[in-house]
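Student: So Swiss-Prot says this about it:
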BINDING   Gly158, Gly159, Ala160, Gly161, Val162, Gly163, Lys164, Thr165  ATP binding site
Amino acid sequence: MTKGRVTQIMGPVVDVKFDNGHLPAIYNALKISHKPSSASEVAIELTLEVAIHLGDNTVRTVAMSSTDGLVRGLEVEDTGAAISVPVGDVTLGRVFNVLGEKIDLDAPIDAGARRDPIHRQAPKFENLSTQAEILETGIKVVDLLAPYIKGGKIGLFGGAGVGKTVLIQELINNIAQEHGGISVFAGVGERTREGNDLYHEMTDSGVIKKTAMVFGQMNEPPGARQRVALTGLTMAEYFRDEQGQDVLFFIDNIFRFTQAGSEVSALLGRMPSAVGYQPTLATEMGQLQERITSTSVGSVTSIQAIYVPADDYTDPAPATTFAHLDATTNLERKLSEMGIYPAVDPLASTSRALSPEIVGEEHYAIARQVQQTLQRYKELQDIIAILGMDELSDEDKLVVQRARRVQFFLSQNFHVAEQFTGQKGSYVPVKETVKGFKEILEGKYDHLPEDAFRLVGRIEEVIENAKRMGVEV
């Protein structure tokens, strides 16, 4: 007998008591199917996931959808296995929820399709791949100063409204189209509108045919938001392990995964730790991140947007994520206020790949020179604010002049923002990026006005802008 009854309901957390000595294992999926017997009742189809054994044949579970209409005494059935989701080619071009149920308007998924459990072990050490190859994004500031690694983990950090989602959409646009391989997108606790926009953009561009999408958005209960990243990851792992593909895995937003965990943590009876987060924060993050990796068979390159609460990088949620990443792209509010987009902080963003062995001597030297110039400009800003430009030495004046040109040249227009800006987006190959910054630092364009460098792609566009401004080039 694998049936039990609901004994207690605390929002998204439900206690279930089983009789006859049966006890479902941790992570097992339990199902509640209730047909209404009167007009005042509602039909209930609900999946619960076992989180804790309380003793006395009772388990504490987390609901994967709304618990509205649930009452004590309802019958619950143990499925005998963890939540499993469809994997393989049937997922491409489709949109799913946390349980692997289709939420688009297309035909139902074939009942015979392979399904894999969302909980599994990370790959073994001996199977991991260690090669480093650069992934070109076409975004100058990223490719020059904090390049991404194929098969690596990349984090886009930023507070509210500085452009994380736009950046991740541009990366999907640039990389998914250039890369031509398979992509998986997991929308974790973000706006449904953004997911809808993304789906339609991908449909228009044709990328959707090679993409699987899973969503557990802001309006979903915390159980769904906590597990939806694992649903997407399970789909990506199949393409990596069974088909040997190089998969792109996008997550927007990994902070909401942590946030969902903290919402249910107190209800599950755990003592909160720093800033009210769950005490198991590092473990949960590790279990997810260690599975996102590249093996000798195939690779998963993951790009994760990470919300930084109140712009505080020492908050436990972003701080715990930092440790797992190969490259970080930090978005800075001050830059977005100056109208420099993407608002990537060139001094705070880091990458393991920025070394002469991986990017080459010239690229490395130019990147370091750009950072030194911007760092010196940052140091001089206090002097300029108090005494003005006239008090600087000629050498420092030149540094400031070039630094401002470099700062503006790090900005560019995005394809995904064309409908808002009316400007065409630009994709800049790494070689062109390095060439442009090299020429600026050599002083080749000192005579051109600063504004000519704003929101352009290649260095040739700067010259065209200057001509339009009536400057002798």
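A Cβ is built for glycine as well, from the same backbone N, Cα and C atoms used for every other residue.
On this model, are these features tucked inside or out on the surface, and what's nearby?
Tutor: There are 27 other CB atoms within 10 A of the CB of Gly158 (ATP binding site), with all protein chains counted. DSSP classifies Gly158 (ATP binding site) as strand under the three-state reduction.
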Student: Within a 10 Å radius around the Cβ, which one of these binding-site residues has the most neighbouring Cβ atoms: Gly159, Gly161, Gly163?
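Tutor: Sorting the candidates by Cβ neighbours within 10 Å, the top entry is Gly163.
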Student: Around Ala160 (ATP binding site), which residues of its chain at least 6 apart sit with Cβ under 8 Å of its Cβ?
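Tutor: Expected: Tyr307.
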Student: Ranking the binding-site residues Val162, Lys164, Thr165 by other Cβ atoms within 10 Å, which is at the bottom?
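Tutor: If we count Cβ atoms within 10 Å for the binding-site residues Val162, Lys164, Thr165, the smallest count is at Thr165.
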Student: Around the recorded ATP site, report the further residues of that chain (criterion: Cβ within 8 Å of the mean position of the Cβ atoms of Gly158, Gly159, Ala160, Gly161, Val162, Gly163, Lys164, Thr165; site residues excluded), sequence-ordered.
Tutor: Tyr307, Leu331, Ser336
